[in-house]
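A quick write-up on the structure given underneath.
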Amino acid sequence: MQRPPQEDFSLKETKPHLGGGKVTGDKLTSTYDLVEQMQYLYVRVVKAKDLPAKDVTGSLDPYVEVRLGNYRGTTRHFEKKSNPEWNQVFAFSKERIQASVLEVNVKDKDFIKDDFVGRVMFDLNDIPKRVPPDSPLAPQWYRLEDRSGNKVKGELMLAVWMGTQADEAFPESWHSDAATVSGADALANIRSKVYLSPKLWYLRVNVIEAQDLIPGDRSRFPEVYVKAILGNQALRTRVSMSKTINPMWNEDLMFVAAEPFEEPLILSVEDRVAPNNDDVLGRCAIPLQYIERRLDHRPINSKWYNLEKHIIVEGEKKKEIKFASRIHMRLYLEGGYHVLDESTHYSSDLRPTAKQLWKSSIGVLELGILNAQGLSPMKTKDNRATTDAYCVAKYGQKWVRTRTIIDSFAPKWNEQYTWEVFDPCTVITIGVFDNCHLHGGDKPGGARDSRIGKVRIRLSTLETDRVYTHSYPLLVLHHTGVKKMGEIHLAVRFTCSSLMNMMHMYSQPLLPKMHYIHPLTVTQLDSLRHQATQIVSMRLSRAEPPLRKEIVEYMLDVGSHMWSMRRSKANFFRIMGVLGGLIAIGRWFDQICNWKNPITTVLIHILFLILVLYPELILPTIFLYLFLIGVWYYRWRPRHPPHMDTRLSCADNANPDELDEEFDTFPTSRPPDIVRMRYDRLRSIAGRIQTVVGDLATQGERLQSLLSWRDPRATALFVLFCLIAAIVLYVTPFQVVALLSGFYVLRHPRFRHKLPSAPLNFFRRLPARTDCML
């Protein structure tokens, strides 16, 4: 596979003309100062009155057509109404306007050909300009004219003005960019939208015991467990060890619940009669609205719940009320935890669920999504490659989606969004997608929106109050390797409201305190994160327009925990990079010991002598050295935010088969011979890891065997050495011992032997437990 040029994947700093500078009235567009100004012609069609009848029946089905050159937008039509109200806004991009006259026509909807009712004409040179925060332009009544310019019956209320994308009417308006899109559903799919993630809670179900159960077969000891179901989540306790009709468990089950609570918690006590044959002894349904909420680690009172016995009678469930069995439980919604729906490595929100526990915000994050360049064709329409791109940004509970720019490989969005920041050590994620649900493509089981690329920006890497304008490469990993899908142009600013509060955050725990007082297991966290992402994707896909499941899962990095040879290599090289500094220090010290540079070695001897004679200087010297290194490196501090690194990710030279394995489903869908080959490869890698782990265990066991008398002669020698060393160190000043030891280590190569030293030989001869392994 040919390796793409590395410079294509680099981050580029840009200098766009943000905010448009001064505008009419010498006002700055402060609300949109991180994007380039885009001029639009706005037409608000409010209503009409006294429209004349056109049909032979004396009725009128009116609608309005707004025409500007080749662009044409229409309102919805009303049946048999002479005083309709539309209140629709049309926006025409000024850079695409080629006409000099705006034409607003009122027409009558007909089966064969729509009848012309009247029109209003505007010269574009006479249209006023409006810039927020100016008040909206008041609509006016205009008398309709015929094609000859003569006044006719009927009036139309309109407002026409020139504005920018900062206008309040911009998000809901019909855009000339989307002139080829028809249908209300398709138009809704291309508009910008702000979404909020549902409020997530951890639900803890502490199952304590049950009483007075009535098993179906009383001739055997019941094997009872409790099964709990919440939506798509199902968990069960272990089988009770007390095999009686009063079993005990005292076991916790954890669920993820989302407000508003739509489904109850359903518990059933079941008896395992035989394999795959469980007898339900009783059920109860508990609405989550009535469950107590816990904000800290204080215990909650437990309650008894009645179990209802169900029998099936003619296909209907009927309650059998004979004798009430009971279950003893402690139920509560945990408000002190943060429900993890993102990876902890790049989480955008770390606050607890309960709002009462939130700390005040430390600043504001502003993001300007300017444009994209060089996007790859994503689909074919009318035998022509095209891309309908939109952006999604996620930070905290707030998701934003820009409008879709139709049929463009260099779309311009110029939309700006703002988030409150509560923790600087968080990450904002921006993804670019191709809209595949236009032109009648929104069908059940239809196309999925394609991913074009993703960018992550960590807030702690940004200087405060500085505007970062960069063009980020959009990189996507395919079966064939990493591919650049284009570039996205962003402007980012992190404004800090309180420097002291932000500095104080660095001393606080990353997660809420409940994660440390009552920590959840790694297995629990993985399972709960999976459930949380499923709930978030389901809720957002039900919004209008929907933020689809594939978008949410890509933004939340669902599946990033799966095995990948590429990621394993990348993590290994990251570890080697971290250890590289220690290895370099070891090599430098080895050169000192071997007198490779005699002057440096002599200076180290002098420094060592000073530190031994004045030990109180050791710690100040270390911290002063670190301070000087930090000040020295300040000159080369990073000036750009970090971005996706293909070399760090081992994506630029990944093997095609390894990539195919990474994109494989779980469980696998590949042929058996490929699976066998990959399994053998995994076994060989695991064998090497096994050897390394075994070597580490051997060294640790040798240390333990120093005093274990497993080798009596070796332990006797070591104990005798310890006695002699203790006596010598008691009578000899510590500084003398340190000097002698240091000078021995730093001795000249003339006094060294190539053979290993006596202590090392002694250590290597110590026994380990490898002899006892099969």
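Just so it is clear, glycine is given a Cβ too, placed from its N, Cα and C backbone atoms.
Nobody curates TrEMBL annotations by hand; they come from automatic prediction.
According to TrEMBL, the feature compositional bias 'Basic and acidic residues' maps to 1-16. Marked as region 'Disordered' by TrEMBL: 1-22. Annotation comment: TrEMBL describes 22-142, 181-305, 346-472 as domain 'C2'. Annotated transmembrane segment per TrEMBL: 572-589, 601-634, 716-746, in sequence order.
Helix first, then strand, then coil: DSSP counts for the domain 'C2' (346-472) stand at 7 helix, 63 strand, 57 coil. Remote same-chain residues near the transmembrane segment (601-634) are listed as 592, 595, 735, 738-739, 742-743, 746 (criterion: CB distance under 8 Å, separation of at least six residues from the stretch ends). Residues belonging to the domain 'C2' (346-472) score a mean pLDDT of 89 in the model.
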